[in-house]
Amino acid sequence: HIITAVIGSGVLSLAWATAQLGWVAGPTVLLLFFFVTYYTSALLSDCYRTGDPVTGKRNYTYMDAVRANLGGFQVKICGVIQYANLFGVAIGYTIAASISMVAVNRSNCFHKQGHRAACNVSSTPYMIIFGVMEIIFSQIPDFDQISWLSIVAAVMSFTYSTIGLGLGVAQVAETGKIEGSLTGISIGTEVTEMQKIWRSFQALGAIAFAYSYSLILIEIQDTLKSPPAEAKTMKRATLISVAVTTVFYMLCGCFGYAAFGDQSPGNLLTGFGFYNPYWLLDIANVAIVVHLVGAYQVYCQPLFAFVEKTATEWYPDSKIITKEIDVPIPGFKPFKLNLFRLVWRTIFVIITTVISMLMPFFNDVVGILGAFGFWP
């Protein structure tokens, strides 16, 4: 779950982020975020139980932990930020998935008609396709029932990150020179002073987004066995996952920058710095889409659970909210269909898809989500 949550589409903007910061600040900031993420995650894992770390009262969600430790007005602030951010991630993932679907289409078009061809493709139909897939998957009732989806997503995230890395390494080997400079994009020739400052902040946001998973850490921890204390296991899992991720990020960000220098695209696999081998780019972009289908569910489950729990508390006698209908599936256990879940989750996916159509900017969305996610 951690690797699915951490290695997301954020990895694709790391070469661009490194290009804004340069060879000194880029890798340094990646390391700094490794320490911040691990440190805050270790603190947060200790909040899973209140009182005694082994027998204390469990806090099943991030909001339960906030309620037990801070209480009062802070619960409202953190709640708004957590759920707004999860909503934002759903939008960001819809945009990223549609960009990758468009990239497959364009890469095949470039292959047939040459690199000079216009090959303009609208992303709207692809967002609708992604939305329909999410409506189907969002009917999976609960977090612990999506572990298979998480495994598929984790494998996919390694697939496309490795392809991005491999293409970067190949480009450096082919040209024989390492692009880029110690301070990143140069003021005057590439950007104005103001743009440089602005882009550096955006790069920090992009790196923050690539690391952030604290929003669903407690929900992931809730799937662990005890004893040993869940916090102990979680800290070890976090250290391994975040260290693996950091090594990977270093490689992707640095080789992407080494390959393209100041011209690094905002999204390594869809910015068309690479055109060939086109079939490899297609595999990578399909892997991104499959991964994002899973990651979208991992991130949205806590939000779904919160709304459904609140609705049950408010209207305990409502048949629509509480009644489950068994739908027989040949060869499997019957699927439990709940009318409220069906309607509300479908509306949620439709809203995120429509908003995505109105604002299809990958880098800017990624930067601002990263910044928000670090705050609580």
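All residue numbers here begin at 1 and follow the chain in the order shown.
Yeah, the Cβs are placed from backbone N, Cα and C, and that goes for glycine too.
Worth saying up front: this structure is predicted, and the values here are computed from it rather than measured.
Sequence annotations record features per position, and here TrEMBL assigns domain 'Amino acid transporter transmembrane' to 1-376. The feature transmembrane segment is assigned by TrEMBL to 29-48, 83-104, 124-141, 148-173, 239-258, 278-299, 342-362.
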Legend entry - Chain residues outside the transmembrane segment (239-258) and at least six past its termini with a C-beta under 8 angstroms from it: 2-3, 6-7, 11, 14-19, 23, 26-27, 30-31, 34, 37-38, 41, 161, 164-165, 168-169, 172, 178-180, 210-211, 264, 268
Inset, instruction - May I ask which of the stretches 29-48, 83-104, 148-173, 278-299, 342-362 has the most CB pairs under 8 A with the transmembrane segment (124-141)? - result: 342-362
